[in-house]
Amino acid sequence: MALFSKKDKYIRINPNRSVREKPQAKPEVPDELFSQCPGCKHTIYQKDLGSERICPHCSYTFRISAQERLALTIDMGTFKELFTGIESKDPLHFPGYQKKLASMREKTGLHEAVVTGTALIKGQTVALGIMDSNFIMASMGTVVGEKITRLFEYATVEKLPVVLFTASGGARMQEGIMSLMQMAKISAAVKRHSNAGLFYLTILTDPTTGGVTASFAMEGDIILAEPQSLVGFAGRRVIENTVRESLPEDFQKAEFLLEHGFVDAIVKRRDLPDTIASLVRLHGGSPR
């Protein structure tokens, strides 16, 4: 009779007992660290885009904020903002509109979809307007219309050229007919500025569409555009469904507009300050 029993050389696992594994934390990559280029679809490290926000692979021109535009365009420290504090009265009492405005102000740091003021660009004093598509797609409401109108009126009195960077998804639907009347209102101010013999330069940026395109964006004495910018009135699908025809692949791109005479020149972002200053000087310069 054996005094000692032979031990098994393996361990027994109860199949009915659940084995819980500790969840492993997944590495998190901040959303703002990388961007996908809409042009070539490359994933790009944000720092590789540089301050100009240009794709290093295909030279696609990314959209930028009004603050970024100021930093790239004007002489440092020369911007003096005008017409701040104007607020929409929400004429239609559109549901959720005031909440939307408050959210956009907090998110963008802007009060409205356009920044207006005066600045020096390579030593030339200009009345400057910059529309920012980050604010409700830079849609044109009563405040946008009022600020741009006042900019032209101020420039007319002070005998300044106007430089306007346009970007917009069109009229602001939350303000109805009040937003549409801004087209005529701004155009009248543009005409008075022109009658005074003053220079108006527009730079079309991505996207410039709707009522903005149908009015002051295309009324400049000279019209420039950034590369590959979308510029048009109605959307591509709306037009195709209306005319029952397929449109060219590059339809409504800045290059297409240049080819058909709607734009005077396409200028790379890095070249815009020098180009703007040269055109202002060519048209008499600024009085200051």
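Cβ from N, Cα, C; glycine included.
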Out of 37-58, 59-80, 213-234, 257-278, let me know the one Swiss-Prot marks zinc finger.
37-58
Compute the mean position of the Cβ atoms of C37, C40, C55, C58, which form the recorded Zn(2+) site, and then list in sequence order the other residues of that chain whose Cβ is within 8 Å of it.
P38, G39, K41, H42, I44, P56, H57, S59, Y60
Here the binding-site residues are C55, C58; which one has the lowest number of other Cβ atoms no more than 10 Å from its Cβ?
C58
Just going by other Cβ atoms within 10 Å, which of the binding-site residues C37, C40 has the emptiest spot?
C40
For the domain 'CoA carboxyltransferase N-terminal' (33-288), would you mind checking the mean pLDDT of the predicted model?
94
